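A.B. asks: Before anything else, here's the structure in question.
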Amino acid sequence: MAATDTAPAEAPTGLLARIDTHRRLRPLVRVALPAALLLVALLLIPFVFTRVAPYTMADGVQLVLLAVAALGLVPLTGYAGQVSLGQAAFYGTGAYATAILTVHYHLSPLLGILVGVVAAGLLAWLLGLALFRAAGHYLTLATIAVGLVLAVVVKQFDLTGGAEGISGLPALSLGGLQFSDDVSFFYLAAAVLVVASLVVQRVCRSQLGTTLLAISDSPIAAQSAGVDPAPQKRFAFVLAAVCSALGGTLYALWSSFVDVNTLDLNLSLQLLIIATVGGRRSVYGATVGAFVVVSLARFAKEWLPAVSSHAGGQVEIIAYGLALILVLRLLPRGIVGGAAAALKRLVR
């Protein structure tokens, strides 16, 4: 009789345990599944880009480096609502710091990467002390000015190579492995992209991400609740700078060359377009946006050479603008955001 009394109580307990386990695993799945899909997609790129014209492995490396550089715009623009057109300043800071340390001072590329990222982060923090209270167009104009000033400065000194830039950067090596060709460097950059994506995703899903959204959606309400927006925006600004600098340091070591083009406003526009097209609030949208941008650039050069020559070599910028208009018109949340919304509607 006692066994009969206890048997029905075990079933609900087991069911509740399974439900509790499912709830605890759900956040892990949300993080691990997109990261796994990103990793699989990146692993497939060398097989696709070496077999499908007009792609090359150089396009694959550029795709990953642009995705890394644009990644930080997710918390800055997508969450904090701050538009920066000066990301090339941090990209170039990382690239130049790495080039100077490895070429002029013969330090290791790894140390060059570390110093380049720290230098860009410090620059962003110092700028943030003055700029974080500016919002909207004021911040946009200020970041443009920073990039323009740095572009002028690097042309004036022999240390930065003047207008000719710095060449002859050594190949990056880790534990006896040398990343001197496009394929090996792609896999290294892809690993960096996956790790950086997980870090940025963790930030966006933390309390800081929620606070940034609150500040962006309703700044007055956030301030009324006792939230000081300044430190939050400054952190997002520094994180965006660090991501851009990381992309810049890797670009310098991959191309073995750095010049003033790494500080160009067109690069800042390109990174903002990547984040917007892929999805401003999607960490993995940076990779999708980078694929779109690299594809547009490649196909524009291959299929529209006459138009490209008449446009002064800027046909890809025209293509980026058209793609941005099209995506904003059809998918305001970006490609990844729109796809996620469509999937939710199908599941219901």
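Backbone N, Cα and C atoms are what each Cβ position is placed from, and that goes for glycine too.
TrEMBL does not curate its annotations; it predicts them automatically.
What you are looking at is a predicted structure, and each value in this text was computed from that prediction instead of being measured.
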A.B. asks: Could you check which of 211-228, 283-300 is flagged in TrEMBL as transmembrane segment?
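C.D. replies: Residues 283-300 are the ones TrEMBL records as transmembrane segment.
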A.B. asks: Using Cβ distances below 8 Å and needing 3 or more such pairs, separated by at least 6 in sequence, tell me whether the transmembrane segment (235-254) contacts the transmembrane segment (113-132).
C.D. replies: yes
A.B. asks: Name the range, of those listed as 61-81, 139-157, 283-300, that has the largest tally of Cβ pairs under 8 Å with the transmembrane segment (183-200).
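C.D. replies: Against the transmembrane segment (183-200), the leading stretch is 61-81.
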A.B. asks: So, do the transmembrane segment (61-81) and the transmembrane segment (283-300) meet, by the test of 3 or more Cβ pairs under 8 Å (sequence gap 6 or more)?
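C.D. replies: Output yes: the transmembrane segment (61-81) sits against the transmembrane segment (283-300).
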A.B. asks: Run the contact check on the transmembrane segment (139-157) against the transmembrane segment (283-300): 3 or more C-beta pairs under 8 Å, excluding pairs closer than 6 in sequence.
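C.D. replies: The transmembrane segment (283-300) and the transmembrane segment (139-157): touching, no.
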